[in-house]
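One structure is given below, encoded as structure tokens.
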Amino acid sequence: MARFIFITGGVVSSLGKGLMAASLAALLQARGFRVRIRKFDPYLNVDPGTMSPYQHGEVYVTDDGAETDLDLGHYERFTGVAARQSDNVTSGRIYQQIITKERRGDYLGATVQVIPHVTDAIKEFAQADTDDLDFVLCEIGGTVGDIESLPFIEAIRQLRNEIGRENSVSVHVTLVPYIAAAGELKTKPTQHSVRELASLGVQPDILLCRCEKPLPDSERAKIAQFCNVRKEAVIPALDADSIYSVPVQYHGEGLDSEVLRAFGIHDAPDPDLTRWYDIMDRKRHPEGEVTIGVVGKYVSLPDAYKSLNEALVHGGMANRVKVNIRWLDAEMFEKGEEDLVAKLEPMHGILVPGGFGERGSEGKIASVKFARERGVPFLGICLGMQMACIEAARNTSGIADASSTEFGPTDEPVVGLITEWMSDEGLQKRGADTDLGGTMRLGAYEAKLSPNSHVASIYGANDISERHRHRYEVNGAYRDRLEKGGLAFSGLSPDGMLPEIVERPDHPWFIGVQFHPELKSKPFDPHPLFKGFVEAAVKQSRLV
Ligand code: GLN
């Protein structure tokens, strides 16, 4: 049976629980254990798919087509274990299932209640499909004391009791703030948070204390005494220079050894951290640097492009260069508030990322034009590829009114709403009036690459599988005209119907992809498109 590690947070949000879960899983994996990480989100949205990136950051998409919390991206990047639909659940999804069952009459006249029905559903979710694992790490979103996380804490309490203490460990992540006026680190918020958690029946075994100054031994002892844990199980967690240093840092503080000790495991092999040392070295000692301009809409919140940001870092590690990212607001280029040429000229690569809606689209199209005309490496992702096709239609194929039906009715729908496509589950159909939640072309789809194309040489393959999240598609009816203008359709869906990749053979590096390659990039296994894009930017940096 798998052992369970429950991770809760206290005092404030944004303490990096997701990163801590990912790092702990990576450390256990480095000792040879099989791990999986799950995230429980207490909010009532069924999934984050319909939430604004400003509310929730990026929506991370899994191979099996789930729209999930961005922490699942960290989990996958740190462990290489592909996340699934069953690794993220929200209160909304649990209530949706329970209410559907209640309406069907499945409860046979019973009163449906938070305890036991909601808590049972949470426990089932935690335990589903875990037979082939050594450790399941369950991260609870939010902060202990929130009204909406109560059923989750209660479910943990019950589960710990059912599976036995030897099979369950509770890790609580807290903040030990530094009060400058007093010149001291304060342990009281941690004491209160642990008291709150304990009052709900969950005594933590390990405390991970985020602090900006080293935690003196006396304070560590004080926390241990008040919170009923071993002093060695009070793990100080100072800010790291990079997220990729966190596993090694936490190992140095004894996190994984304390977790194993709490399970009574004393014979685990030492972790093999070679690959972590390698990426830390690549991150800390770059041999050059490049600057990439990302022309997007949600640029004031980098979390909205979390995986993209990381994939560019991975591309940099692969080429041993530091990647400086300049987040450029596409809308500013439209309003004439910022001079596009002045902003884009210093860039060694231009990337137009995914996005939704018309706002900023003309600024994105103008940026594609700049990259095409100046021979600057260009990568267009999802909406970015659609903008590259509209730019090509207007400026190299003479279709002046080219647009996307996403932006309103148009006579030249170079990008249009897709209403039918094939998936592994058969023919999918959608209409303009379909619900917005969970109805896009989502998850992994295969594509066939043209032999001898630039992308085929980048991937070193002709068949690929990548993750999608979009409602609109480049309209195949325009293919001939766009190709005559110099834009090659070098990747298509296996049935040849959907354009998946476009490129410009007459340009040093110009690629647009309908999918999101950033979702599959890992520090140990940088995505070939990001590796290639950064390599092209390095070449460009030698020219300008
Ligand atoms: N808005 C576009 C669509 O729905 C692109 C989506 C995206 O970039 N993820 O097709």
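Heads up, the Cβ atoms here are built off N, Cα and C, so glycines get one too.
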Further binder of ATP named by TrEMBL next to SER14, LEU15, GLY16, LYS17, GLY18, LEU19, ASP71, taken from the candidates ALA221, ALA224, ALA233, ALA240: ALA240
Same CTP site per TrEMBL - residue from LYS39, LYS222, LYS231 joining SER13, ASP146, ILE147, GLU148, LYS186, THR187, LYS188, PRO189, THR190, GLN191: LYS222
Reduced DSSP assignment, CYS382 (active site, nucleophile): coil
Shortest C-alpha distance to CYS382 (active site, nucleophile) - which of the binding-site residues TYR54, GLY355, GLU406: GLY355
Residue among binding-site residues GLY355, GLY384 with least C-beta crowding, 10 angstrom cut-off: GLY355
Sparsest-packed of the listed recorded positions (CYS382, LEU383) - C-beta count within 10 angstroms: CYS382
Taking residues TYR54, GLY355, LEU383, GLY384, MET385, GLN386, GLU406, ARG471, which bind L-glutamine in the record, the widest Cα spacing (Å, whole number): 23
Other CB atoms within 10 A, centred on ARG471 (L-glutamine binding site): 18
Largest tally of Cβ atoms lying within 10 Å of a Cβ, found at which of the binding-site residues TYR54, MET385, GLN386, GLU406: GLN386
